[in-house]
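Novice: Handing you a structure now.
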Amino acid sequence: MVSSPIKSEAPVRHDVKDLSLAPLGQQRIEWASREMPVLRQIRDRFEKEKPFAGIRLAACCHVTTETANLAIALKAGGADAVLIASNPLSTQDDVAASLVVNYGIPVFAQKGEDTATYMRHVNIALDHRPNIIIDDGCDVVATLVKERQHQISDIIGTTEETTTGIVRLKAMFRDGVLTFPAINVNDADTKHFFDNRYGTGQSTLDGIIRATNILLAGKTVVVAGYGWCGKGTALRARGMGANVIVTEIDPVRAIEAVMDGFRVMPMLDAAPLGDIFITVTGNKHVIRAEHFAVMKDGAMVANSGHFDIEIDLATLKTLAKQVRVVRNFTEEYILPSGKSIIVLGEGRLINLAAAEGHPASVMDMSFANQALGCEYLVKNKGQLAAGIHPIPAAVDQEIARLKLQAMGIAIDTLTPEQVEYMNSWTSGT
């Protein structure tokens with residue numbers, strides 16, 4: 001289902017855990033491709049048209065089977081691409097190995113890499129002197145702007161996958177340091193309506209269940225944040241029988257949560273009630289000392305935002321008299337009172353630390369946006385102003401049409417009479 005593997009006795013440059021894992025990785029990459037028909041069609045076109053011929057590309061993404069299919073599509077389009085991980089715990093080592101061995105794509109990523117290694121890989125990506133950066137959280141672009149100003153002249157543009165990354169890019173633009181175009185993949189309709197909501201909702205609970213093997217039915221789950229990721233997480237938790245509480249700082253989203261049937265209250269009020277806490281805010285220290293102090297014994301905390309700062313783990317470590325690993329990706333922090341707080345996935349993305357991330361079907365649309373966003377940058381080289389640009393509406397609509405077609409679903413089209421009515425102001429009551 002994916003491009004034919006490259007036969008190579010001398011693998012390309014890499015820093016992966018174990019190349020012998022490549023056969024398993026290849027099987028899983030091909031399996032994911034079955035659920036990614038839109039990206040397959042784009043890859044087939046790229047292979048013929050080579051839109052990225054002569055383009056150096058650095059991708060900072062979660063190294064999963066779905067990302068592998070994006071990387072393969074970009075390479076098919078002629079890109080000279082390198083791939084690094086966007087999170088120290090999200091790499092699937094068999095996938096990284098397969099991309100190196102079977103597809104000839106340089107990969108620098110290992111599950112469990114420390115922060116120093118992670119940043120070394122970021123700099124390796126920039127050593128590639130990319131013309132296009134695919135970013136997931138804005139670490140590569142931020143490093144470029146802070147430390148590699150001399151390379152900015154090489155840049156055609158960047159694409160950004162996440163809410164967190166878009167927040168950082170907006171701050172960079174306000175500060176006058178974003179001097180090239182950035183494509184906002186996150187806010188494409190075919191991305192956040194599906195990836196953020198259905199992908200995050202399913203994969204977050206998958207990660208929690210894999211890490212703990214708990215029954216969600218009857219538990220009180222506190223979801224911090226009611227953006228698209230929070231909506232999906234709350235929806236799926238309720239669907240599995242949990243009693244869901246939502247915490248918010250935005251009054252509009254709080255009203256949404258109430259009218260969607262959830263209890264809404266401040267985190268300090270929710271803290272004594274919750275059995276499981278899930279942060280999906282993109283902000284810092286959403287759960288902190290005052291909340292740990294009133295939580296139940298055995299309360300579990302997990303993060304499905306981008307960075308590991310939503311839960312104040314540094315403070316929790318200072319409060320704990322002992323920390324012990326009780327299961328894979330599950331640590332027990334024992335407080336002087338004897339009460340325990342259970343931290344899942346080291347406070348990093350639980351859906352990628354303990355599970356496999358979003359299902360391929362939703363990532364099909366997200367990565368179609370990434371692929372076409374990169375093509376849009378190349379086609380419009382030198383014509384886009386510095387700053388943040390949306391995915392063109394026509395691209396968004398085309399991705400949706402291709403997805404429906406692949407699902408065997410047909411929809412109506414406007415009649416000529418309806419088109420005329422929608423473009424007229426003369427018809428009224």
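Glycine is no exception: its Cβ is also placed from the backbone N, Cα and C atoms.
When I checked Swiss-Prot for this same protein, it listed these features:
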- T64, D136, E161, K191, D195: substrate binding site (BINDING)
- 162-164, N196, 225-230, E248, N283, 304-306, N351: NAD(+) binding site (BINDING)
Novice: Among the binding-site residues T64, D136, E161, K191, D195, report those whose Cα falls within 10 Å of that of H306 (NAD(+) binding site); none is a fine answer.
Specialist: D136
Novice: Select one residue from T64, S304: among these binding-site residues, choose the one with the most other Cβ atoms within 10 Å of its Cβ.
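Specialist: When each Cβ's neighbours within 10 Å are tallied, S304 tops the list.
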Novice: How many other Cβ atoms sit within 10 Å of the Cβ of D195 (substrate binding site)?
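Specialist: The Cβ of D195 (substrate binding site) has 28 Cβ neighbours within 10 Å.
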Novice: Once the chains shown are all counted, how many other Cβ atoms turn up within 10 Å of the Cβ of K191 (substrate binding site)?
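Specialist: The answer is 27.
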Novice: Would you count the other C-beta atoms found within 10 angstroms of the C-beta of G225 (NAD(+) binding site) for me?
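Specialist: G225 (NAD(+) binding site): 28 neighbouring Cβ atoms within 10 Å.
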Novice: Taking the Cβ of T164 (NAD(+) binding site) as reference, which residues of that chain separated by at least 6 in sequence fall under 8 Å from it?
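Specialist: G137, C138, G282, G305, H306, F307 - these are the non-local Cβ neighbours of T164 (NAD(+) binding site), listed in sequence order.
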Novice: In the structure shown, with every protein chain counted, which of the binding-site residues D136, E161, E248 has the densest set of Cβ atoms within 10 angstroms of its Cβ?
Specialist: E161
Novice: According to DSSP, folded down to helix, strand and coil, what is G225 (NAD(+) binding site)?
Specialist: coil
Novice: Within 10 Å of each Cβ, count the other Cβ atoms and name the one among the binding-site residues G227, C229, H306 with the highest count.
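Specialist: When each Cβ's neighbours within 10 Å are tallied, C229 leads.
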Novice: Tell me the coarse DSSP state (helix, strand, coil) of T64 (substrate binding site).
Specialist: coil
Novice: Using C-alpha atoms only, work out the spacing between D136 (substrate binding site) and C229 (NAD(+) binding site) and round it to an integer in Å.
Specialist: 16
